[in-house]
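Lifted from TrEMBL, the feature list:
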TRANSMEM  183-204  transmembrane segment
TRANSMEM  230-252  transmembrane segment
TRANSMEM  264-290  transmembrane segment
TRANSMEM  320-341  transmembrane segment
TRANSMEM  353-372  transmembrane segment
TRANSMEM  408-427  transmembrane segment
Amino acid sequence: MISWSQRSCNRCSTTVLMNDDVTLGPTPLCVGLTSNLRSPPVSYRVGVPSLNTRTTDSAMYGQKPLIPYDGFPVRCLLITLFFRLVDLVWVKGSYVPDEYWQSLEVAHRQAFGFGFLTWEWVNGVRSYLHPGMFAALYRLLGWAQIDTPELVVFAPRLLQALISALGDVYFLRWVAERRNGQYGWAFLSWITCTFVSYCSTRTLSNTLEMNLTTVALYYYPWTPKTGSSLFVLLVTLVCFIRPTAVVTWLPLVLTNIFTDKSPLLYFLTSYLPLALVVSMACVGFDSFMYGTLTITPWNFFKFNILQNIGSFYGTHDPVWYLYCGLPVVLGLHTVPFLFAVFKTVKRLRFLKYDVEVQLTAVVLWSVFLFSLCPHKEFRFLLPLVPMMIYLSSSVLSRWSSSTSYTWLYTVGTIIISVHTVALIYLGQFHQMGTLDTVNRLGAMARNNTKADILYLAPCHTFPGYSHLHTNVSTRHLTCKPNLLGVKNYVDEADLFYKEPVGWLKREFASSRPCTLPTHIVKFDRLNITNYLFSNNFTLVGTLFHSYYTMDDRVGENVMIYQRKGPKC
């Protein structure tokens, strides 16, 4: 339990509570005679330390507050919303197929009646909670008769930007209340975390998981009797949306339960009832959507853990998160984060009460378990980013209280500059062609209702009907995993790339032109030019995609071919 001692404030006659918590250090906090940080009195004010002001406690009390606590959420939301809207407008390219095929495509099918479902949705692996949010938005657009292709593409990202901005507010509130109002470095670190900016407006379930995790961290009972039932609701909900969230939250939940005087009674009264109600509601919703009793977390565990289906989509070595995952996700913030880890592991004996030690333990535990799974991705670390930024910003805050102004300006300038350059490249020059291509094809398809589009690219590289928003015939190379245990199984995409021209000749009879698609889309690295020209296909568009790709099947440009000849 946090210990408090009453003292007199050096700057006024107000009674001050001295917080002797190991994490926060002895920091005077003018809150009158109450230690309830959840609802501080109006006299408590939050200030943002600038780079020309040392982030010491005396500096905090000596400066005029920028955002009073009673106005903190609204004003902070406006600031964070501004940054997320900048991300929305600036970040143009695609990241991974899941941001479309596991959310928007499913939602488009629910709302408008046409869309492609991948194998996960046939086997009940994923919950409809996440795409259901966008389906409701689509239905609203349709009801208002404003479901234009442009708005159908833009509106979901705008909704996600709003959710991310709200999550940002809760992150800053969490830091401010845990650190007695000092959140300047946390704000700078969070806003300049390039990977967060890159993903904050994407319709990934991982992004929503990060947002909900951030809010849940705010409501988590870090000190006795400061928790909220909303925490249990959020954790249960996020575990249905992303079952891997169990890994992150299990240590914190167990710590909270077993630090109580009566763990079993506390679990039965504070956790179990609400968790059961939320779980039953989620199972009921998914079962209704699938048309049969469906428990998606179990199906997720069965396919991805027991059957190890994820390995079908790529594997990495066990320490990949350490030398690649964490540095890419955190960027320059990796350095202070590592300092924080090295410092906090020395305080493991304070695990029950030290917030930083608890967060470090959660991050290390999660990365360790994630590393045991062969299939790894950067985005799987997103829910850990709020905890890691909390730790890294704590190191920067302590460092800034004893360094020179020159170093403050230098470090601040480097952080902002590197983030800006990275976001400029990722937002405007990386993986741009797929979205631009589908937008171009959508315009073509609306002028030709008999369009038939064939995408000759790695599976799900291009978005589907969620971006076309036109009910025309399309075909993507599939990459279904070997669910039936077929010997020497090869998916359709691999079959195509083994012998591209042979595959095309088998699939389409060249002597019957009308069996051929009207449009073929490919990357410039795929050499089937002779086949295309011999079948009357003409290049009608070349769109820049990316200067650098990690897949040798993906090129620098996307090429659109259209078949000339009689209409079919």
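Every residue, even glycine, has its Cβ placed from backbone N, Cα and C.
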Among 230-252, 264-290, 353-372, 408-427, stretch most in contact with the transmembrane segment (183-204) (C-beta, under 8 angstroms): 408-427
Recorded stretch, among 230-252, 320-341, 353-372, maximising Cβ pairs under 8 Å relative to the transmembrane segment (408-427): 320-341
Folded-back contacts onto the transmembrane segment (230-252), same chain, C-beta under 8 angstroms, at least six residues removed: 127, 129-130, 205-206, 208-209, 212-213, 215-216, 219-221, 270-271, 274-275, 278-279, 282, 286, 296-297, 300-301, 358, 361-362, 365-366, 369-370, 380, 383-384
Contact yes or no, the transmembrane segment (320-341) and the transmembrane segment (353-372), 3+ Cβ pairs under 8 Å, gap 6+: yes
